[in-house]
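Asks: Here you go, one structure.
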Amino acid sequence: KECRRDEERKLHEEARKKEEEQKRIAIERRKRKSKIEKYRKQREEEERIKRQHEDKLRKIKEDERKRQLAIYLQSKRERKKIEAEKKKQVDDVLKKKKEDEEKRRREKEAKQRIREGKRREEAKEAVLARRVKKENERKQAEKERKRREEEEAILEAAKQKRLRERLERRERRQRQKLKSPASPSKEAVDVEIAEPPPEPSQPVSSQNKREEIVKKENVQKERPEHLSEDKRATNSGRHLSPVISPKIAGEVLSDFAMTDDDEEKVLQAVSSADESSPATEGMPKLRANGRQLEDQDNGSLRSQ
């Protein structure tokens, strides 16, 4: 019985211990559950507070952003307004400057047109003055030319008249000498032909010509006597006819500085040089050559 009681007591004790252990475990479980619930609630509260705080901060940030945006938009509007005012002022200044420049340009163009008009008028006046001057000069030159032509015509007529008179006098004297019994012999003619005619630029004096004539006569006397007078005249004419040709005689006759004696000698030399024709046939040629040379001289004077 004791053993049973001990066993029962042991069983009862074990049951009591198990029950206490279960109670303790249940209490611990309840405590832990309550702690967990409390922690959960605390966490939820913290989360709620945190969300509220975040919402509050977000709202504050949003408000701040809106305020900043409003400030930015307001400043932007004000800046645009200021820029528009500045642009308007600049446009007004530029417009005024452009108007002033346009006004100055129009004034300058008006002054330039006035100056150009004056210049054109002055140029027209200068051109008209030059034309009048040229016309006057042309008329004066025409008058001077006509006067010179008239003077040249008068001088030419006087020269031709003097030449005709001189040629007529020569021809008359030649005819008189041919008709007179004291006509020069052929030997004297040969001596005169041997004398070269004086050049117009270098006139020979009468003393020198007389000395040369005396020398030629001495040479003529020293020639052989067996040569006939016709032969001597032919030889002298053959050798000396190129020296005194009708052209040279015409040039000599055109020189009015010659004396009448020199002209007589030249005429006699020309008449004796042309053996095939009489002395009187050479005079028209001399007159023609003289007129031709005078025409050439007058033409050169007119060209100058």
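Each residue, glycine too, has its Cβ placed from N, Cα and C.
Sharing the feature lines straight out of TrEMBL:
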type	residues	note
COMPBIAS	1-28	compositional bias 'Basic and acidic residues'
REGION	1-63	region 'Disordered'
COMPBIAS	36-63	compositional bias 'Basic and acidic residues'
REGION	77-246	region 'Disordered'
COMPBIAS	80-150	compositional bias 'Basic and acidic residues'
COMPBIAS	208-233	compositional bias 'Basic and acidic residues'
REGION	259-304	region 'Disordered'
COMPBIAS	269-279	compositional bias 'Polar residues'
Asks: As a quick check of your reading of DSSP, tell me how many residues in the compositional bias 'Basic and acidic residues' (1-28) are helical, how many are strand and how many are coil.
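Replies: For that range the per-state counts are 27 helix, 0 strand, 1 coil.
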Asks: May I have the DSSP-based helix, strand and coil counts for the residues of the compositional bias 'Basic and acidic residues' (80-150)?
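Replies: Per DSSP, the residues of the compositional bias 'Basic and acidic residues' (80-150) fall into 71 helix, 0 strand, 0 coil.
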